[in-house]
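Peer 1: Mind looking over this structure? Questions follow.
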């Protein structure tokens, strides 16, 4: 099936599943829960069913394993969610998509170029475990490949990827995580592939290590420190002598 058809179906799925969320920009609230966000597109039977709170994912339904996956295991102890509910919503989305496809004018969707940023989770210390985060925004349609490279070689160990998060403009964003141990010998890239890009985009990251001081710089710093110390000694000595002289003059007996 050509790419344009896949894009048509992606846009129809998005319109069908999210049209009921309209008008949210007019509502002000301290907290926002998005329950049962369902996205389905074809070909490939691609879909997801998620629960979000204040933009953070609480859980999603694994469509292949047919089970609920909680972002934090502790949440599963507080409540339960039967994955069958999510699977039913996906089936409904697929059915609606097929109907809308037959009634559509087959206008191709527009591929948006996603934007990627790479940053560490914590301040970087060489030899200390850390996590790299690749944040990819402005994704549409929600089909994307995110790959980690270390020294230009693909990395699969320690990689975790979130589901798609829906933005207010109905584009999507996604995060990919890589656990690693920073080393001054390693460089990393987050590789992003999407229909909106003419070629894959690589977002580069490497630890910023302060350059060592040269011998000349060390000599200059030591000389400046020594000079400041000598000036301090001289100035201090002058003040002490002046103080002694002033004290001697005040103690000299005056005329009777």
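Just so you know, glycine gets a Cβ as well, placed from its N, Cα and C.
On a predicted model such as this, the values are computed, not experimentally measured, just so you know.
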Peer 1: Per Swiss-Prot, which of 196-218, 219-241 is transmembrane segment?
Peer 2: 219-241
Peer 1: Quick one, of the glycosylation sites 105, 145, which Cβ has the fewest other Cβ within 10 Å?
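Peer 2: Checked 105, 145; of these glycosylation sites, fewest Cβ neighbours within 10 Å: 105.
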Peer 1: For the domain 'Ig-like C1-type' (114-206), how many residues does DSSP put in helix, in strand and in coil?
Peer 2: 0 helix, 51 strand, 42 coil
Peer 1: Write down the Cα-Cα distance for residue 145 (N-linked glycosylation site) and residue 105 (N-linked glycosylation site), rounded and given in Å.
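Peer 2: Cα-Cα, rounded: 29 Å.
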